[in-house]
Amino acid sequence: TLNFTGTWYPITLLFILITAVHGQQIQINNIDTNHGYLLFSDKPVQIPSSFEHHSLKINLTEIDIVVDYFEQRLRTDYHAPQINFLYNKIKRELARITLKHRNKRGFINIVGSGFKYLFGTLDENDRVEIQKKLEINVHNSVKLHELNDAIRLINDGMQKIQNYENNHTIIDSLLFELMQFTEYIEDLEMAMQLSRLGLFNPKLLNYDKLENVNSQNILNIKTSTWINYNDNQVLIISHIPIYLSLISTIKIIPYPDSNGYQLDYTDTQSYFEKENKVYNTENKEVKNECVTNIIKHLNPICNFKPVHTNEIIKYIEPNTIVTWNLTQTILNQNCQNSINKIKIEGNKMIRVTQCKIEINNINFSETLLEPEIDLTPLYTPLNITKIKIVKHNDIIEMISENNITLYIQMIIVIIALILLYSYLRYVSFKPFMMLYAKLKIRKNQNQNTPQQTEIEEIPFPTLYPSIPAQV
């Protein structure tokens, strides 16, 4: 048997505390920092490490040629309302594509040389990297998966239109080509708008490739739209991640230093460092010099503000509490029905696991900060009747059955009316008629032999004579 005396007592007490920590109880550590903030590791995030590029190429010169052809034909030969409507619609759709006019004739051509980034969601590093690869060799460097089928009309449209010149149904053929071309321009406009918003465009993927794309990866997609001045082409690219890396993140928590100053910081985001740059959990590069220096463990250039309190008890996470400049206080611990009292003071970090604690009449628990979610529906559930698909023959049969039922009901009602009339005419009315005849005979007899009866007469209102007007 060991006696807890002398130097063994504090060592044994420390051992008991450590055992309690690893036994899912409570952990209390000193905070030794004088920076004005604390750094906490947060949940790791999945960051794309490599991408697969899917693109759509649009030849602006060929679009201009096709538009000019339609315009010339409308000026000379054809004035069908459908053709004029579609042509005007094409011009409206092209006007929505926000590119500069090269000249009066061109709708969306631009003068320049090489590739230029128009818009998208690439950061500066990705943009520069992709532009270099495009300038060197698009096919070998970026490995674009092109969808030439999507612009098949533009590639061979002129040949088809020339073949229709000798056809008697040229109006119908021209109308059909206009419809196809209009649909293509609408797809082009939609593709550019989705690229501007950073949304995935399914038209940039063949069905077989779309099957192999992870939906989670699509959420991390990047988009870019480029203009190739040399070939007068617009290039719309979807950058779909094919590999994701798990990276730990760091959260910055303001915490007073020994002089009572803490970091002037209110953001709740977490950050990570990659290739000497700092990003937030949305994978966007952080430009704040204060934050980037803190994450990189450099001398931060930040603003600090004084705290206006003598001591602090503060939540950090649902299971973590920090204290600052705390006077000696009793911490009541309730872990798995084991109740203890612990004296704490100063700057401490308290981690709770499956426990409840009380400090200065403030109760804390591991799940105290987790929100209670009310799953009560905000609407009255609908009683939905299952709909059965009815065929044509079934409908005819149902109508026939309903008609038969209606006829039967009508016949029953008619028979009931006839029976009721017969009953009233020949059965029920006869006693009443006999009674009426007897009463009439008795009345006649009373009139022939009047009897002295006292009848109380009901007084009538007095009738005053009229007074002639005085002349």
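Every residue gets a Cβ built from N, Cα and C, even glycine.
According to Swiss-Prot, the feature N-linked glycosylation site maps to Asn3 (among others), an assignment based on sequence analysis.
According to Swiss-Prot, the N-linked glycosylation site annotation covers Asn59 (among others). Cβ neighbour count for Asn59 (N-linked glycosylation site): 16 (other Cβ atoms within 10 Å of its Cβ, all protein chains included). According to its DSSP assignment, Asn59 (N-linked glycosylation site) is in a strand.
Residues or ranges marked as N-linked glycosylation site in Swiss-Prot (evidence: sequence analysis): Asn167 (among others).
Counting every protein chain shown, the number of other Cβ atoms lying within 10 Å of the Cβ of Asn325 (N-linked glycosylation site) is 15. Taken from Swiss-Prot, the feature N-linked glycosylation site covers Asn325 (among others).
Annotated N-linked glycosylation site per Swiss-Prot: Asn363 (among others), in sequence order. Asn363 (N-linked glycosylation site) falls within a strand when secondary structure is assigned with DSSP.
The N-linked glycosylation site annotation in Swiss-Prot covers Asn383 (among others), and the record cites sequence analysis as its basis.
Look at Swiss-Prot and you will find Asn403 (among others) tagged as N-linked glycosylation site.
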When you measure from the Cβ of Asn363 (N-linked glycosylation site), which residues in the chain that are at least 6 apart have a Cβ under 8 Å away?
Lys356, Ile357
Between Asn325 (N-linked glycosylation site) and Asn59 (N-linked glycosylation site), how many Å separate their Cα atoms?
69
